[in-house]
Structure formats: C-alpha cells, structure tokens
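A.B. asks: Just dropping this structure here.
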C-alpha cells in the first residue's frame, strides 16, 4: 500500500514476518476437497442480522462501530458528470501528462496515435479508440514508465473537401484552389477543437499542448522528405495505369478509400466475339460455313468498347458447343457448359473438347468494330467461379487486364474522362455519355444491333463506392504517381516477424492485404493536401524533380506551409540554379504539378514527425481493423522503405461499434449514440440519463473489442449497475477504515486472523492476474477479474464474515485491527487495479481515504505493490476446506438465519482435524475464527461422535484429500457436520444468538462494554 505516506514500519502487514499466532507456522503445501470446492458466491442467509440492518439501534446503538465515510453510495442524475469535472480540476488531470514526462525514470512507453479524421463531431468510434489507448497509457505510467502519447489529426483530403463544398452548395470548379484550401483548413480546425474537447472530457491523458496535425508546415515538410527519399530509391514512380477512380470526386482513390455496397445492381450481358482466326490447333474444328464465336460474360458492358483481348486459363478444359436453339457454335469452358446453357435457357451439344493451351494463336473480331482484332491470350487471373471461363479484357479498366496488356504490348487507350464520361475517342454515339448510366444503355443497344448480345439481366453484387460521396467508382487508366510495393513487400513482411499482433489473426489479414496489393497509387487530383513536388514540362511529357528542387520546396513549406505551391509563382518555387537551367524567369518551360499526395501517405508518414528519434519504433499502434489496409499498412510501407524497419513493436486491432442489436449505426435508423449524450444526458433524462465518462470507459474496457462492439441503453445500464456495486464495495472499505492508521495500527501478517491472511493471499494472486491482463491489453479480462473479486470474494464472502468483528469488537482490539489491516491493503490494490479504466472513481476514492491527509492523485503514487509473504498456498487450502464445511451447513438451512444454529464438526484424527484445530483451539466457541467462518451461534470441533444427539438435527458428510509437500504425502479424511438449532438468545448488541437471556449481553459484548 502506498498512498503517498511515509514507508511502513515494522508493524505494517507488508513487511511483517510470516507465520501465525494461532498455530504452527508451517501449513500443508496443498490441501484438497474431494468432490467439492468452495462456492465463491456465498448463499444468502435470510434474516442474517447485523446491528447495522435495523433502524432501531436500541440502547447499545452508540457502542457499535458502524462504517463512517462521506463517500456517496450513489451519484444521481448529473451528479456523476459534475463530480468527474470537479475531480479533473481538483486532481490535476490536465497536468498529469507533463508531470509524468518530467519524472526521472529509465523506461519509456510510446503509443503512437493514429490520427482521426478532422471532419466531424466526436462519435462512439472515437471513444472506443481513444479510451482503449488511455487505459494502456495510464497502466504503463503507473507501472513507472514515461509515457509518450502525442495525439494527432488527419487534416487533408477529399472527405473534408467534399464536406466544405457540400456546405457551401458549390462544386470545386467554381472556387479557386486557395479558396477551397482556406475553407477546408477552417473546417478541419473547427472539427479538431470539438474532438479534442471531447477527448479531454473522457479523461484521456495526452500531450494536448503539442498535438500533431497533418496540415502543420513542419509535418508537411517531413512528409515531403520521406517522399523524396522513396523517390530517390526508385520506390516512387510515375506511370499510366488503371486505378480506382471516382467520377463524383474526379480523382483517383486508394483501396482504403472504398466502401462496398453489397446491394449494387449491375447490368450483366453474355456477349459473343466472332472467331476471326482459329487457333492453329483448332483449325480442323471450324470452317467458314459454320462460324464460331467466343462467349464471354461481363457485369461492365461499358468497358466493351475498350476491349483489347480475351483471356483464357491454359490448364482448364474448353469445348466447342452447338446451341440447340440457334445452331450457333460457341467456345467456352467445359465446366461452364451447364450453367451457361441454363442462364441462356437453351441446351448445348458438345462438338469437341480441348485444352486451354490449344486456344493459343487465335483471334476474334471486336463485336462493335469488326475490323478490330482481339487476340486470345493466356492469363493467370481467369477463374471458373463465374461467367464462361473466358474473360473480356480492357487494359484501361482492370488491374489484371493491365498486367496482361503489359506482357503482350496491347494498347491501353482509355475512353473515359475524369467525370466518368465517354471521350470523343469512343465515337459520336458514346461521346459525353456517363459510362455507368446512359453510356451502358447505348453500349448494350449497339451490341444488340450487331446481334452479339445473347442475354442481358440485372445482377445484385458487391461493388466499390467512393467512401465519401457513396457513389459507384470505376477503374480507369491515367497517369499517376505510385509506390512500387513489389520492391518493398518482402522487406515489409520480414519486418512484421518482429511485431506482435493482438489478436494474432490480424497479422495474417495484414500480410494477405499486402500480397493482394499490386501497387499503391499516391497521387490525387484535388487541392486540399500536400502537393507532389514535381514540375511538368508545358509541351512535352516530361517532369522535373531532383534533390535541389525538393529541398528548396521543403524549406519553403516548412516556413510557410504547403499553400506556397498555389500562392507563389513557379519561378519562386524553383531554386535559382535550377531556374536558370529551365529557361529562366521569363521563359520557364515547367509548371507546378496539380497532384497532391494521398491522405494515407499523409498519415502514413506520421512516425517521421512524432517519434522522437528517427530510428525509434512505437511500442504500440492501436486502431480499428480497417487500418490493416490503411494507416497500419501505409506506416509500415513508408517506414520500411526509408528506415528498413516497421514503425511499431505491437499492433492492437479493435472492431467497430454497432447498435445494441448488432446493426450498423445510422441517422436514418435513429440508433446513433452521441458520447456527449452518454456522459451528460439527453434532453429527457428519463430516456437518456447522464452516465458520466467512467461508465463509458467501463463499457469499452468490458467489451470484447477484438470483434464488433455493441452499445445501447441496456449495455450502458448494465455498466452503471456494475459500477454501483463497486461503489458499495468501496464505501464498505472506506467506512470501516475510519480511525485506522496503517503506520501505527497495522497488524503484522503473522498475528493476523487466518481469514485476513487468506484475503492478503487472494489479493496478491488477484494483483498478479490483473497486471498480466493489462500487459496483454486484455482489458475485458481485467474487468472480469475485478467484478469477480469485488462481488464474490469481497461483498458476498469476506464482508459477510467480518462485519461482526468490525462493528462489535473494541475499536483497537487486535482482532479488529487485523481485519482493518487487510481492508486497507485490499482497498489499495483494488483502487489501483481499476484506476486506468475508471480514473475519476479512483481519484474520488483517493479523496475519501481517512488516513491520506493530503491527497493529490492516485496516478502519482505508482502501481499495485504486494508482498511475497502474502502468498500462502497452504493457507488458501486450509480456509477453503473450512469453507466447504460452511457451504454444507448453509446449504442445509436455505432461507434461514445461520446465527440461529449451532454447528458440530466431527473429523477423525489426522491432518484435517489438526488444520481445523488451528482455527479453533477450544472444543466449543462462539468467538473462534472457525465459528466466524461458519457464521453460526457457536461451533464445536470433535474428533469423535458426540455422546448425545438432538432430535431433528441435520447431519451432513464429506471427504477431503489432503496433499502434503507437493503431493509426496496424500491423506484422505472424512468429516461430518451436524446442524442443531441453538437454545441461546439473541444478544441485544451484536444480535448473535450467544446470550443466556434475551435482555442480557453476550459475554463478548459485555466485555467490550465493560472495557469502555
């Protein structure tokens, strides 16, 4: 226990010698119960009287030491929220981060904050993420580490631009670049302030005075330096490739910027491509009188005009079939004959079968342009999952298609512009038509006119959409800047071998995503972001970038911010020596490029700005599962590319927040829960009560965050009930420590009651498990351990046993002080155990501890500190053997008051009897430690059957197996419990049935009153 008091003296429990005054110091190393274990949830004993349970105290009320504390049992309405604000102020929440940074400690813990997007109000997803991080940080800080946690915000990009333009009701073309940037910056700054205020209110400890922002000039400059380092190594290049393209946003998108609509409806068609030149090996199967067509299926008819080839699977089996309805001959995969015939509502007769490799050398005529040749080509991406086993290939509109085109030098012309419209190159019938709308209609009609469409139907499938505009995207070839992932991938995967993933399956997910990613497009055609520092020749397809130009721009950006790219003339963006070589001020042949860096590159280089040392790795990255393909991956790739190491040692991945029934939260469903409403309550407190931040934090810690996390009124109400029970436990502890000073009143462990020593043993084991769970970031297990301990071990078990000793013994009696010594240690361990999760409650308790005279902050007093001498496995078994007998007794009198019965325990001579003698030296006692455990009027311990038995008594039997010295000695002992109604009267002071007459005090109470 270390509440900021001076070190404990020799009388304190933690430094006292082991042993006990009640018997030999050595206990059996292992005791066991055959067929029976102690029930942690003690049976409720109806009518179990205590002096506290009646409003009528009688004439002895003032002699009973009832709990005294100002710690409230409940905080009603806004009291919880108001108390938390008061605690934050009083206990210095805002100064805690700087205080711990100034400590002279050797270890440091760095949690690198993944930047939330600065485009809206704080939501429960933010709460889940930030509170998980805070729990981890507070634990490591209390354990003695100097925590490094700098919050950040992702401030650039399309989502903010989209929101700004939407609020203004204009499109990007009607505003200048600087107008958009200024409004976007203001929007982001406002969102940051809202979010920051909420995070502070949730109790998040962080370096709030030195947050990082991706629009900060110094951050932008460091990002550009990483970009150029990668460019210099040949890892960044410009190329014409197909990328995900958003017509609504008029920019390229990364895969992480896509959302998939599972209910998207596409128009699919079966199209035939007339065989122009048969493959050499199949010439004998075809003749001019029976023309053959290759049959393909596509869900994107608009790409047919851009077709350059048809791909097949070389190792698959194919066939020439004859359609029974039309008599036409078609080539398709053998495995697809039946499903395609069914789809076309016809039958096929197989004319010939052959291997896919036999298709080599064949060509088809384009179904819209007969004189255009589409060769048959082998490809590895062809599957038999859907379609015909033959794939229409448009290199400008597919990643795999592009790969095939690169191998075979096919044209890659793109017929679609930035707005998703057909260009004039597509022909007058298609020009200026939206490819995903009327453009598709026209293409299908054109194919029908040439009689090359066999069937058209709608298909519902998952389709990618722009994550902000929610509209469908397409794949479109354009000149973009890319990161060469192929050259980094092996090193990135190797670096992950030194990284711990929580849960472990997240590693496989991340490596799978890396394997599936062919390249990373890092350029965007927008203005709110960091410019790619490249100058393009005005008339040639050339660009200018070198160390001189980049370093010059980096210095300008560091001093003035990235606005300079749009505000300064090109002549000032180039260093003088380069400017002279590029035509001079009056005849400059280059203009600044119009592309900005992808926001994933923006945030993915945060390690270069935030981690204090360029070689430093963060101890923990903790984000949602969507970041496995987002920030985790971009951070890994940029760090490995420039430093040859992963930026993190541990990666923890959590799920998303959902409504109470597992449904996605949305305004239309009316199930969006605002964290501020959770904390402060809604307009109607009867429907939306104020819970406070700690209940929000408890819900998060308790949830299985590695899957989807549900939230709603019932789970919040359950969390409130949990904390209410915890408050009652804490109130009991605080109330019974009044008048106790650990420095002067603690009882040495060897002199403590057995049950009190047993509780020290339990809390040492509890503390070890709690610490291990925090180390593993298994906060759900922490909560489960806490709930089991304070509800079962404390409230239901220990407190029910020791109330009489606390309330009715003399204030300074060693027996009472023994219990208070245990209570003080329990309180110390318990509060520290939940402090990282419930910081406000921990500080509130700290303010009410009677022997802490100048409370400041529990977080400044360290982690749990237990003593090795508390660990006594033999003692644990001794108590549990007595508890097994106690459970037998209580189970025999359901619904009745245990104090109205006497217990006779009969045990044959042996080890079990000797153990019970340690708890009760005399034959019969109403004040022994054994009787305290039994909660009976009195307990009698015998080695043989009593000479006389009472009619109507209850007899119970059981057997124990006792293991000594690690199992070297094994002894089985049987016992008998006889339950007899007591003939004694209830004492008017302690209410135990131990008095001779109804108006007389029991001997113990008479002695206590007499001493006073």
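Think of each number as a place in line: the chain as shown, counted from 1.
Quick reminder: no glycine exception, Cβ is built from N, Cα and C everywhere.
Straight from Swiss-Prot, here's the annotation block:
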type	residues	note
MOD_RES	56	N6-succinyllysine
MOD_RES	74	N6-acetyllysine
MOD_RES	74	N6-succinyllysine
MOD_RES	194	N6-succinyllysine
MOD_RES	233	N6-acetyllysine
MOD_RES	241	N6-acetyllysine
MOD_RES	479	N6-succinyllysine
MOD_RES	725	N6-acetyllysine
MOD_RES	775	N6-succinyllysine
MOD_RES	775	N6-acetyllysine
MOD_RES	781	N6-succinyllysine
MOD_RES	781	N6-acetyllysine
MOTIF	116-126	motif ''HIGH' region'
MOTIF	664-668	motif ''KMSKS' region'
TRANSIT	1-48	transit peptide
A.B. asks: Provide, as an integer number of angstrom, the distance between the C-alpha atoms of residue 241 (N6-acetyllysine) and residue 479 (N6-succinyllysine).
C.D. replies: 6
A.B. asks: If you measure from the Cα of residue 74 (N6-acetyllysine), which of the modified residues 233, 479, 781 is the nearest?
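C.D. replies: Checking each of 233, 479, 781 against residue 74 (N6-acetyllysine), the shortest Cα distance is to 781.
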A.B. asks: In the three-state scheme derived from DSSP, which category covers residue 74 (N6-acetyllysine)?
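C.D. replies: Assignment for residue 74 (N6-acetyllysine) reads coil.
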A.B. asks: Nearest by CA distance to residue 781 (N6-succinyllysine): which of the modified residues is it, out of 194, 233, 479, 725, 775?
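C.D. replies: Of all the candidates listed, 775 is nearest in space.
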A.B. asks: Give the three-state DSSP assignment (helix, strand or coil) for residue 775 (N6-succinyllysine).
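C.D. replies: Once the DSSP labels are grouped into three classes, residue 775 (N6-succinyllysine) ends up as helix.
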A.B. asks: Among 194, 479, 725, 775, these being the modified residues, pick the one whose CA is nearest to that of residue 233 (N6-acetyllysine).
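C.D. replies: Nearest by Cα distance to residue 233 (N6-acetyllysine): 479.
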A.B. asks: Pull the DSSP breakdown for the motif ''HIGH' region' (116-126) and write it out as helix, strand, coil residue counts.
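C.D. replies: In the motif ''HIGH' region' (116-126), the DSSP-based counts are 3 helix, 1 strand, 7 coil.
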A.B. asks: Just how many other Cβ atoms lie inside 10 Å of the Cβ on residue 479 (N6-succinyllysine)?
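C.D. replies: Taking every protein chain into account, the count is 14.
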A.B. asks: Using the alpha carbons only, what distance in Å do you get between residue 194 (N6-succinyllysine) and residue 725 (N6-acetyllysine) once rounded?
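C.D. replies: With the alpha carbons as reference points, the distance is 34 Å.
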A.B. asks: For residue 775 (N6-succinyllysine) and residue 479 (N6-succinyllysine), what Cα-Cα distance in Å is obtained after rounding to a whole number?
C.D. replies: 48
A.B. asks: Pick from 241, 775, 781: which of these modified residues has the biggest number of other Cβ atoms within 10 Å of its Cβ?
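C.D. replies: That would be 241, with the highest Cβ count within 10 Å.
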A.B. asks: Give the distance between the Cα atoms of residue 725 (N6-acetyllysine) and residue 479 (N6-succinyllysine), rounded to the nearest whole Å.
C.D. replies: 63
